[in-house]
Amino acid sequence: MTYKLILLRHGHSEWNAKNLFTGWVDVDLNDQGREEAARGGELLVENNVLPDVLYTSLLKRAINTANIALDKADRGWIPVKRDWRLNERHYGALQGKDKAQTLAEYGEEQFMEWRRSYDTPPPPLDDDSEFSQAHDPRYADLGDALPRTECLKDVLIRLMPYWESDIKEDLKAGKTVLVTAHGNSLRALVKHLDGISDEAIAGLNIPTGIPLVYDLDENFKPLNPGGTYLDPEAAAESIKAVANQGKK
């Protein structure tokens, strides 16, 4: 028995374009992002990789990416499951800050530690910040579980129970699963799937809007380690752009 998992990072967002740390701030796609999402759906059709069920975060840039892609693929009718555990990493007090200014203010070592280290979160975000989710009704049931900051390790810890209880169960049922989420929630999942070390994960970037397909064996180990991008050339270019964020 083999399983098929499709990972799709949301398209370019309004804050990607402004080079701001986004995290849990609910910004939408820009025109480029909507075009990327549409192209992602076209790639699913061209490669005959059509999902049976969709998982997304609670953030509109992921939700709208999925909606656009599925519309292009004529799969808007499939079941949808949304969960906060697929949200982007919470960037704490960095949310809303300009990446280039943060780099200049704190230096490259601190900047990269906050942005890319596995287990070092940024300073926490105050609940009275305009970028806080402390009073957001979609997270009202989380209570003390609502993060004020996260590192990638925290994202993995919150994501793994959902992977085990829900996503894997749909895969076991023979469904092709599409997970439309965010750079860091997908990096956490890829780290788990590919067994990437805590140190090596710092160098992994995931492009926006390009489906990444994993074929998994009966033990949910990749038959194609690293997955297969449905547009490898575009993925390589986009990965470079993601890696350079904060340097402009």
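These residue numbers are counts, starting from 1, taken along the chain as shown.
Any Cβ shown, glycine's included, is placed from N, Cα and C.
Taken verbatim from Swiss-Prot:
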type	residues	note
BINDING	9-16, 22-23, ARG61, 88-91, LYS99, 115-116, 183-184	substrate binding site
ACT_SITE	HIS10	active site, tele-phosphohistidine intermediate
ACT_SITE	GLU88	active site, proton donor/acceptor
SITE	HIS182	site 'Transition state stabilizer'
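In the structure shown, the C-beta of HIS10 has more C-beta neighbours within 10 angstroms than that of any other entry among the recorded positions HIS10, HIS12, ARG89. Rounded to a whole number, the C-alpha distance linking ARG9 (substrate binding site) with HIS182 (site 'Transition state stabilizer') is 5 angstrom. Annotation: GLU88, HIS182 are the recorded positions among HIS10, GLU88, HIS182 whose CA atoms are within 10 angstroms of the CA of GLY23 (substrate binding site). Cβ contacts within 10 Å of TRP15 (substrate binding site), excluding its own Cβ and spanning all protein chains shown: 20. Spacing of GLY183 (substrate binding site) relative to HIS10 (active site, tele-phosphohistidine intermediate) is 8 Å (Cα to Cα, whole number). Between the C-alpha atoms of HIS182 (site 'Transition state stabilizer') and GLU88 (active site, proton donor/acceptor), the distance comes to 5 Å. Looking at LYS99 (substrate binding site) and the residue listed as 'active site, tele-phosphohistidine intermediate', their Cα atoms lie 19 Å from each other. Of the listed recorded positions, namely ARG9, LYS99, HIS182, the sparsest CB environment within 10 A is found at LYS99.
On a Cα basis, GLU88 (active site, proton donor/acceptor) lies 14 Å away from HIS12 (substrate binding site).
DSSP assigns HIS10 (active site, tele-phosphohistidine intermediate) to coil, not to a helix or a strand.
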